[in-house]
Amino acid sequence: MNGEADCPTDLEMAAPKGQDRWSQEDMLTLLECMKNNLPSNDSSKFKTTESHMDWEKVAFKDFSGDMCKLKWVEISNEVRKFRTLTELILDAQEHVKNPYKGKKLKKHPDFPKKPLTPYFRFFMEKRAKYAKLHPEMSNLDLTKILSKKYKELPEKKKMKYIQDFQREKQEFERNLARFREDHPDLIQNAKKSDIPEKPKTPQQLWYTHEKKVYLKVRPDATTKEVKDSLGKQWSQLSDKKRLKWIHKALEQRKEYEEIMRDYIQKHPELNISEEGITKSTLTKAERQLKDKFDGRPTKPPPNSYSLYCAELMANMKDVPSTERMVLCSQQWKLLSQKEKDAYHKKCDQKKKDYEVELLRFLESLPEEEQQRVLGEEKMLNINKKQTTSPASKKPSQEGGKGGSEKPKRPVSAMFIFSEEKRRQLQEERPELSESELTRLLARMWNDLSEKKKAKYKAREAALKAQSERKPGGEREDRGKLPESPKRAEEIWQQSVIGDYLARFKNDRVKALKAMEMTWNNMEKKEKLMWIKKAAEDQKRYERELSEMRAPPAATNSSKKMKFQGEPKKPPMNGYQKFSQELLSNGELNHLPLKERMVEIGSRWQRISQSQKEHYKKLAEEQQRQYKVHLDLWVKSLSPQDRAAYKEYISNKRKNMTKLRGPNPKSSRTTLQSKSESEEDDDEEDDDDDDEEEEEDDENGDSSEDGGDSSESSSEDESEDGDENEDDDDDEDDDEDDDEDEDNESEGSSSSSSSSGDSSDSDSN
């Protein structure tokens, strides 16, 4: 290991400190000769290599080997020696060329001596006297005493030392200016780079200002004293005062960017990225403070559950933080669906208000700041994302990832076992941490008999087989097990835990023990209700598990395509027009989807026949306008887009036929349209459009004449509703597809009720 000798050798002690015969050129020649005589694989510490050096081979001109060795010792004392001799010589060459570069400039014999500070003048004057008075004291103790004495000096006596310091300081500055004139080459070497100084942070600007103020009052204060005095003041500043320095820092940042861009144009060889120039000097907290004072609105909770928790936690300051989320979750589960929907509506309203306020805030900002805020808020796709409560979350990434999505690894038998038993163990042994709980579950799994393990392995095999069957584009999160069934005691505990925690002052362990005792002392009649609920939960679990094992139902795999400029499809009949009107005006937004469709059906039954005819005429008029607009739009398409549109319509018909079953009337229409297209190729596009409209008309007629059949009214209405919502709200296609399926199944009750009504009216 390379290392510096602990003590100098006799040769080093005897080395002369100045040899006038050696010029800079001679010293560089000496180092070059030494370099040429070094071994090729020099990896020893420098002293070892130096001891094996043949100095007679290094000798040159009139300089003998011994003279070269002495000069080398003198030079090597000026450089760091924790290296090999090869590295040392390179450093020595640099030192010979620039002996006073950087911090070594002050070692130059002509460099003026810096004046002593007022305190050091006092210290040097009194030290000898105090050392005689207290010979037993160490230098450190003497320094402490003299420092204290200096602080206790009256200002009049201190002024004597300060004036002497200022007088010598002026003289030093004059001598320094003279030194710079006499040695311009040294000053050039010591000069710092001309790259513009980086901008300071708000705290640095404040500290520099406060330091100047502090030194005016106490010019003799040390750097440590200044830091100690100002250290904690920044964090105690009011927001208003801190904003002042934030604005100054931003102004300085802007000036720096302009200067730096000019500098880069003059020095293109510098590799400085734009990111390095525009890097912010504000912390996240400072940026948020500035935005808040500029009028940026506070972001609302992402969903109804978070909103509920935020409101509940405001009144739970006395509850330990570890218990708050548990209580919130339990209280949320006890809410009725109507109460949850109210929170959902409230959350949606807060989001809408927030978006309006944020857009107003963005308008007041310059373009660069707008981009920053948009990036932070992730608002570039804000209209495509709808946050829902935990109870109504749906996978929104089914079609987005496509074939590039990495398949999810099926859960193992041990994982299935752990998920079933974890909740029970958490309640029985709440003192265990998550890691301890996992280790305990692993031991329990190992202790299970093979017969019991076989049950979980069968579930694992079923999940694995299902994962392999699933096509790549339609992967769902089916690997997750349904929520484990709860025991009767668990369901009862969830309903009463709030009361018990309040009784035992949020001591969960005591509350659980008390609940356990109460449950054990309860009569069977009292437990019966909870036992029934547990049985229902068990059935639910088995049903969901069997659904998960079953192969996925065949669905329409064709992705809904969007064509730019395509006219919006209007309602097919009076009932759909009536439904669209009620859904778009927001009158039924407070109801869940199923209840909305039921309410629409009942309202349709209650309106008069003349009103129904009015809606029917409106739908027919919109259909006529739609045909004209669609015809013009199709003719305006390029040949490639037209072909793609035709293919999409054709596939859509095929899929709808598969879902609805055979329809002789539509099949005759299709055959007829095919024969027409074969006879006249020039009118192929128009025929296709007419064919589509004929089919739409037939569907509309059948839904009106037949009384809004379950398939036509619910399916077409939901499809049209989705297309309108898609254009208005710009939602994801996956959400539209999900809603289509919901409406198809859920609209049957309303449509069937309306069918009776319309058929009655026709008969009348």
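Including glycine, each Cβ sits where the backbone N, Cα and C put it.
From the options 143-173, 267-297, 546-576, the stretch Swiss-Prot describes as region 'Disordered' is 546-576. Between the listed ranges 1-21, 43-63, 211-231, 232-252, Swiss-Prot ties the annotation region 'Disordered' to 1-21. Counting residues of the DNA-binding region (196-264) by DSSP class, helix then strand then coil, yields 53 helix, 0 strand, 16 coil. There are 8 other Cβ atoms within 10 Å of the Cβ belonging to SER336 (phosphoserine). Of all the modified residues in the record (SER336, SER495, SER584), the one with the smallest CA separation from SER638 (phosphoserine) is SER584. Counting Cβ pairs closer than 8 Å and at least 6 residues apart in sequence, the DNA-binding region (298-362) and the DNA-binding region (112-180) reach fewer than three and form no contact. For SER484 (phosphoserine), the nearest neighbour among the modified residues THR201, SER364, SER584, judged by Cα separation, is SER584. The distance from the Cα of SER495 (phosphoserine) to the Cα of SER412 (phosphoserine) comes to 33 Å. Looking only at Cα atoms, THR201 (phosphothreonine) sits nearest to SER364 among the modified residues SER336, SER364, SER412, SER546, SER584. DSSP assigns SER412 (phosphoserine) to coil in the three-state reduction, outside any helix or strand. There are 11 other Cβ atoms within 10 Å of the Cβ belonging to SER546 (phosphoserine).
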